[in-house]
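Over in TrEMBL, the protein carries these features:
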type: TRANSMEM; residues: A:79-99; note: transmembrane segment
type: DOMAIN; residues: A:80-462; note: domain 'CstA N-terminal'
type: TRANSMEM; residues: A:139-158; note: transmembrane segment
type: TRANSMEM; residues: A:164-185; note: transmembrane segment
type: TRANSMEM; residues: A:205-230; note: transmembrane segment
type: TRANSMEM; residues: A:236-256; note: transmembrane segment
type: TRANSMEM; residues: A:268-287; note: transmembrane segment
type: TRANSMEM; residues: A:299-323; note: transmembrane segment
type: TRANSMEM; residues: A:373-398; note: transmembrane segment
type: TRANSMEM; residues: A:410-433; note: transmembrane segment
type: DOMAIN; residues: A:502-675; note: domain 'CstA N-terminal'
type: TRANSMEM; residues: A:547-564; note: transmembrane segment
type: TRANSMEM; residues: A:596-616; note: transmembrane segment
type: TRANSMEM; residues: A:721-743; note: transmembrane segment
Amino acid sequence: MTNVASSAAAQAPAPGRLEFENDYTPAEAERVIRNSKGLPVGVRPKMVWTWPKALLWAAIAIVGAIGWSILAVSRGEQISAIWFVIVALCSYAIAYRFYAYYIQMKIMRTDDANATPAERVHDGANFERADRRVLFGQHFAGISGAGPLVGPILAAQMGYLPSVLWIILGVILAGAVQDMLVLWISAKRRGRSLGQMATDEMGKFGGMILSIFLVVMTAIAMAFLALVAIKAMASSPWAVFSIGMTIPIALLMGCYQRFLRPGRVIETTLLGFVLLVLDIVAGGYIADSPVLAPIFTLTAPQLVIALVIYSFAAAALPHWLLVTPRDYLSTLMKIGTLVLLVIGILIANPSVQVPALTELAFTSNGPTFSGDLFPFLFITIACGALSGFHGAVSSGLTPKAVEKENQIRMIGYGSMLVESFTAVIALIAAITLSQGLYFATNMSTAQIQAAAGESYSAEASAEANAVAATENMQVSDIEGNQMTTTWESVDENGDPVVYEGEEALTKAAEDLGEQSIVSRTGGATTFAMGMANFLKSYLGGQGSLGFWYHFAIMFEALFILTTVDNGTRVARYQIGEMLANVKRLKKFGDPTWKPGNIITTLVATALWGGLLWMGVADANGGINAMVPIFGISNQLLAAACLVLVTVCVVKMGRAKYAWIPVIPLVWDVAVTFTADFQKIFGPLSYFTTAANYRAQIESGALEGEALANARAALSNAYLDGVLSVFFLVMMGVFLIVGIVVVAKTLISGKVGVETTSEEPFVESQWFAPSGLVATSLEKKVQREYSAKLHELAQNAEAAA
Amino acid sequence: MNVVLDKLERAWRGVVWYLREVSGEARYDHYLEHFAVEHPGETPMSEVEYLRAREEYDRLHPNTSCCC
């Protein structure tokens with residue numbers, strides 16, 4: 001008794017004042033949840049309406065509706081990009097307040113009387129309570145990566161409307177629902193992982209499928225994101241130098257924290273950040289130096305080799321030396337840059353250049369991704385709207401640290417809304433550039449040649465050919481005229497000038513400190529150009545464009561390198577765990593066994609390194625081939641998470657509300673299975689692509705490098721094709737297993753906690769508010785809680 | 001004037017608190033609080049010892065999720 005009460009007192013986050021007067025109104029008093037000791041441990045969720053509140057929500061709804069109608073109906077006129085921000089924020093607010101709350105009441109039925117894993121296990125390590133606001137930040141840093149920055153850029157070729165609809169509606173009805181419900185089922189099961197939960201709820205077979213899927217999916221995601229980073233770094237000495245220097249910076253930070261100032265994380269991060277800024281500035285001098293620039297000018301294949309060696313080293317070196325300090329930097333950049341960007345958009349107030357729908361929305365052969373709007377746009381924009389990867393994070397550290405069940409909505413749903421907002425910002429970056437510039441940057445050399453047709457000239461510059469190609473493409477701008485290539489800058493005298501055509505492309509490259517911006521596929525260059533435009537508007541002006549451009553590239557590359565490090569590690573553990581299932585290979589289950597480590601790291605690196613190598617060698621740039629396979633696998637994993645959630649919901653006897661996860665599930669299955677099917681059969685399929693390459697190779701017309709590239713593209717297409725078949729079969733089976741479990745449950749009629757792996761009720765001794773800001777009632781409860789704890793401790797002392 | 005200063009100071013302390021918590025810098029403080037209650041009278045690990053133990057724990061209990 002003594003122990004529990006006094007230990008709870010010591011760990012109460014904010015002890016508050018002890019003066020508690022019983023000042024609850026009768027309605028409030030009814031909502032306070034007390035445990036058997038009389039401690040108030042929570043507040044029953046309830047929507048309390050007052051006039052000001054009702055008016056506020058009405059205003060939000062009206063502003064949101066006006067914003068949506070402006071985006072949907074505006075034709076042939078300029079609109080401000082700020083409307084995208086307004087529309088997103090209003091929609092998120094309404095979804096969070098009403099839909100997420102509805103799910104909380106009907107499905108999750110969170111109960112603050114029940115103890116969360118942090119309280120049940122409370123081992124002082126991973127199972128340790130984290131303040132909800134802190135956990136929100138940590139969970140967001142855990143889910144967010146470069147994914148949402150890439151998809152919307154590539155999807156912008158079809159116009160902004162389908163993208164913005166999918167990013168916002170997708171997150172509200174699918175992505176955030178998935179994240180929150182996976183967090184919920186995991187928090188109800190001691191923070192178990194996806195694979196374990198699938199085994200518990202759907203049998204060994206289901207669990208195995210999910211585990212294998214996670215490994216393959218991780219490797220694909222890493223290869224894809226690494227390819228994006230490499231596309232931005234290739235032939236750019238500035239980017240290669242500044243990103244390469246993050247390794248010595250991380251080492252320095254690691255040593256500083258280990259030997260000079262142990263445990264001083266903030267100080268170390270600030271030191272690293274200052275060095276990072278200096279490093280980006282220095283990159284500009286390197287790029288200008290005729291001696292040093294060639295040293296740092298690397299081709300894509302060279303960068304692949306460097307990246308593979310690096311990631312292997314990162315896995316082999318102790319964590320504190322390289323991985324941990326770089327995680328600090330990337331977390332700081334994740335949260336800090338997002339804020340800078342939003343302010344930048346509000347100040348720069350850029351106008352949208354791209355129409356709601358371009359001509360490419362009605363074809364299946366756009367340059368950035370091929371395939372029809374349905375399903376491929378929904379595959380291309382994966383992470384910002386719906387991401388299966390988040391299921392792994394939501395069943396990782398976060399559920400082990402949640403203090404109260406009522407906080408699950410804010411942490412799970414709320415973090416995903418911020419992730420979606422990142423995707424909206426990436427979309428704004430792409431659609432505020434002139435379309436000619438966008439296509440010149442995002443088309444591979446081969447695509448430019450094909451689009452330019454007869455205007456293509458081998459002697460002309462890449463810029464001239466790119467402009468010729470965009471002039472040949474039937475794509476209109478927002479005013480209904482043929483798209484143009486423009487770049488706003490200043491001339492030698494500092495007067496503002498709008499450059500056009502070829503000049504716009506060369507001037508843009510000059511301003512950004514790059515050799516050329518033509519054919520920089522993958523989205524990172526486009527995003528960085530947009531971001532540099534927003535940031536220079538209030539931080540540094542025109543002269544700082546090159547700095548901000550490379551800051552943005554660094555921002556994206558840091559995310560990607562973090563994913564590559566973590567991904568290698570994650571894949572390695574998962575491979576180890578899978579091998580450990582085989583009797584003779586049990587030893588692989590031990591994460592400290594060195595030979596096992598080396599072998600599993602090699603396998604993991606070989607998996608993604610091989611995919612990456614083939615992507616780079618692909619003459620069409622690789623992004624085009626890799627986007628669908630990445631999107632499909634990610635969205636299929638999301639389908640698996642939703643199947644698992646549905647099974648849990650039905651088993652709890654809440655089948656009436658199963659439509660909440662089933663609607664996104666049906667949509668997701670329709671999208672992924674159609675896309676996957678088209679990638680296996682028909683003109684868009686990987687096997688058709690492979691057959692084309694085979695014919696080219698067999699014709700004997702190719703030689704030298706072209707032949708090698710065609711061979712690489714051939715194996716790439718075959719591999720992607722085989723992976724597509726593998727995904728379809730695996731997820732088809734998983735889906736069937738899910739349906740069988742649901743059907744069995746419904747037929748037998750046996751539902752409830754005892755039929756699932758959900759942990760039985762344990763009384764909570766903790767109190768903490770539920771939302772980002774504590775309500776007045778929660779503040780009162782906090783005071784009563786502190787006073788009661790104090791009283792209980794004193795009584796116990798007196799008794800002793 | 002004092003009211004404004006007071007508010008500013010509280011806001012600053014809030015920011016520092018948040019950064020320390022979110023970055024994990026405050027972990028050792030929480031360990032000390034924990035330890036004082038559960039093992040009164042005993043000597044807790046030093047900060048460096050604690051950090052090493054935490055590192056070892058993370059090595060044995062790897063976080064198997066990653067961002068995207």
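These residue numbers are counts, starting from 1, taken along the chain as shown.
In case you wondered, yes, glycine gets a Cβ from its N, Cα and C as well.
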Take a look at A:79-99, A:139-158, A:547-564, A:596-616 and tell me which one has the most Cβ pairs under 8 Å to the transmembrane segment (A:299-323).
A:596-616
Within the same chain, the residues 6 or more beyond the ends of the transmembrane segment (A:79-99) and with Cβ under 8 Å of it are 57, 60-61, 63-64, 67-68, 70-71, 160, 164, 167-168, 171-173, 176, 342, 345-346, 349-352, 409, 413-414, 417, 420-421, 424, 427-428, 431-432, 478
Are the transmembrane segment (A:139-158) and the transmembrane segment (A:236-256) near each other by the rule of at least 3 C-beta pairs under 8 angstroms (pairs 6 or more apart)?
no
Counting only pairs 6 or more apart in sequence, are there at least 3 Cβ pairs under 8 Å between the transmembrane segment (A:596-616) and the transmembrane segment (A:205-230)?
yes
Grab the same-chain neighbours of the transmembrane segment (A:721-743) for me: Cβ-Cβ under 8 Å, and only residues 6 or more beyond its ends, written as numbers and ranges.
201-203, 205-206, 209-210, 212-213, 216, 220, 629, 632-633, 636, 639-640, 643-644, 646-647, 650-651, 669, 672-673, 676-677, 679-680, 685-687, 690
Where among A:139-158, A:205-230, A:373-398, A:547-564 do we find the most Cβ pairs under 8 Å to the transmembrane segment (A:268-287)?
A:547-564
Across the domain 'CstA N-terminal' (A:80-462), what does the mean pLDDT come to, as a whole number?
94
